[in-house]
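Reading through the structure tokens given below for one structure.
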Amino acid sequence: MADVRRVEEGLGNTPLIEEKEHSHHHHKIKANKDDDIGDDHHNNEKSEEEERVKPVEAEEQPLIVLKNKRVATLDVFRGLTIVIMILVDDAGSAYARIDHSPWNGCTLADFVMPFFLFIVGVAIALALKRIPKVGATVKKIIIRTIKLLFWGILLQGGYSHAPNDLDYGVDMKQIRWCGILQRIALAYLIVALIETATTKIRPTILGSGQFSIFSAYRWQWLGGFVVFLIYMITTFSLYVPDWSFEFEEPNHGTKRYTVKCGMRGHLGPACNAVGYVDRQVWGINHLYSDPVWKRLKACTLSSPESGPLRENAPSWCRAPFEPEGLLSSISAILSCTIGVHYGHVLIHFKGHAERLKHWISMGLVLLVVAIILHFTDAIPLNKQLYSFSYVCFTAGAAGIIFSGFYILIDVLGIRTPFLFLEWIGMNAMLVFVMAAQGIFAAFINGWYYGGEDNNLVNWIQEHVFNDVWKSERVGTLLYVIFAEITFWGVISGILHKLGIYWKL
């Protein structure tokens, strides 16, 4: 089995009041999805609930001046995730090393999705720490989930052809049902409902003991454990039979290919349970048609960059595969669950040192577990499968980075250098749609002169960046940094000053 995999891979107590000020100042904010994208889902409830939090001890008073900084840490982390997403999406074609790993491994792009889910979890804990009416809260959760699903299908289902293709519309026989926002919607729905359902039994004051925070929220961890069992049992025990698909060969019409499997527990591209579940549930025509595994050495001589398929490439190199599929999205719920834990720590522990001790220690443990699983080849890091080692590694990294921002922003009071990221994080949904999904660029491209390629976006990229630097790779990178990331950072700052935010 190991040899087959190598061939396929081409290798052989009482919460502080920090958030209260933020809820007054940013009451309109609704973050992104990944995310929203990672975080926006909590903002509406947060503004309502955090105003009920009152200081109870005099020793907390000196920290009141830092109130909005705690939430600023969330916005900064979310903003960083959006920036990374734009960078890897639009510059990844020029710098394949930062693009998604073709199969096993973890690159910069592979941190985006779990970072979104992590911050969604933190936001859920803050938003739902007080629930006056369970029924009303459940209604809000369901409505927000539906909104995320709608936007996800609209933006990534094939209806929008932005930014380069100016037509629109999708053949319903080919529509893609899964995507970034759909995955976030599922994780948000499950984790938020568990948090809401346990509101009557959650503690207001933690008991003594180092692990009291875990026992206090045992139901959340039980939900995560159930998710873990479902994923692991299905992944390693489900029988994957042979399967076939049709592929349109250039100048040769449509050809049918068959992939030989007949095995269990395989973690390679062709015969894994994650792909099998999606083919059975959604149908092979509704999966992502350009999976990153095409950049494997087994598929192209250009690896790790994109290139023409080898003449003797395995048949599965041409097949579709859904990177945000059902079974992998079930595993992704764990990323959100870990984020909820970080939010619980933020609520219950009063001192910076206590919070950081819990956050950093958990982050390090997760990283160690992931490294052991990956390098023993027990469960390799794999974003496409959303493997358990990948969950641990990315969640651990998110916890360490979140702690780093907390130290800089909340403990040391260094906020100004991060205002750029904070602004983007406050309007993450807007930046995700307009920049990461190319809607704004598509609008600009719609005003062309003489031909669709003769538009302002292409002219700026070619003449302001590529020609000046005499390099398409460097020009692409600088275009993404200045014409996209910096541009939308400035726009987000202006919108923040005007009090304008896009919320779901």
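Including glycine, each Cβ sits where the backbone N, Cα and C put it.
All annotation found in TrEMBL is predicted automatically rather than curated by experts.
Among the features that TrEMBL reports, compositional bias 'Basic and acidic residues' is placed at 31-55.
According to TrEMBL, the feature domain 'Heparan-alpha-glucosaminide N-acetyltransferase catalytic' maps to 70-198.
The region 'Disordered' annotation in TrEMBL covers 1-55.
Here TrEMBL flags 76-96 (among others) as transmembrane segment.
TrEMBL lists 108-129 (among others) with the feature transmembrane segment.
Sequence annotations record features per position, and here TrEMBL assigns transmembrane segment to 141-160 (among others).
Look at TrEMBL and you will find 180-198 (among others) tagged as transmembrane segment. If one looks beyond the transmembrane segment (180-198) by at least 6 residues along the same chain, the residues whose Cβ comes under 8 Å of a Cβ in the stretch are 33-38, 41, 113, 116-117, 120-121, 124-125, 128, 131, 134, 137-138, 141-142, 144-145, 148-149, 151-153, 155-156, 217, 219-220, 223, 227, 324, 329-330, 332-333, 335-337, 340.
The transmembrane segment annotation in TrEMBL covers 219-240 (among others).
The annotation transmembrane segment is assigned in TrEMBL to 326-347 (among others). Under 8 Å from some Cβ of the transmembrane segment (326-347) lie the Cβ atoms of residues 15, 70, 113-114, 117-126, 129, 178, 182-183, 186-188, 190-191, 195, 213-214, 216-217, 220-221, 223-224, 227-228, 230-231, 234-235, 273-274, 277-278, 281-282, 355, 358-359, 362, 366, 384-388, 391, 394-395, 398-399, 402, all in the same chain and six or more residues away from its ends.
Long-range contacts of the transmembrane segment (359-376) within its own chain (CB-CB distance under 8 A, at least 6 residues past either end) are made by residues 104, 338, 341-342, 345, 388-393, 395-400, 402-403, 406. Marked as transmembrane segment by TrEMBL: 359-376 (among others).
For the transmembrane segment (388-409), the list of distant contacts is 69-70, 72-73, 76-77, 80, 106, 110-111, 114-115, 118-119, 122, 228, 231-232, 331-332, 334-335, 338-339, 342, 352, 355-356, 359-360, 362-367, 369-371, 373-374, 378-382, 415, 418: same-chain residues at least six beyond its ends, Cβ to Cβ under 8 Å. Residues or ranges marked as transmembrane segment by TrEMBL: 388-409 (among others).
What TrEMBL lists as transmembrane segment is 430-449 (among others). Away from its own ends, the transmembrane segment (430-449) comes close to residues 32-37, 82, 85-86, 89, 151, 155-156, 160-164, 166, 424, 455-458, 484-485, 488, 492, 495, 501-502 of its chain (Cβ-Cβ under 8 Å, at least six residues beyond either end).
Taken from TrEMBL, the feature transmembrane segment applies to 476-495 (among others).
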Tell me, roughly as an integer, the mean pLDDT over the domain 'Heparan-alpha-glucosaminide N-acetyltransferase catalytic' (70-198). 93
Pairs 6 or more apart in sequence, C-beta under 8 angstroms, 3 or more of them: is that satisfied by the transmembrane segment (76-96) and the transmembrane segment (219-240)? no
For the transmembrane segment (219-240), could you work out the same-chain residues 6 or more beyond its ends whose Cβ comes under 8 Å from its Cβ atoms? 190-191, 194-195, 197-198, 201, 261-267, 271-277, 327, 330-331, 333-334, 337-338, 340-341, 385-386, 388
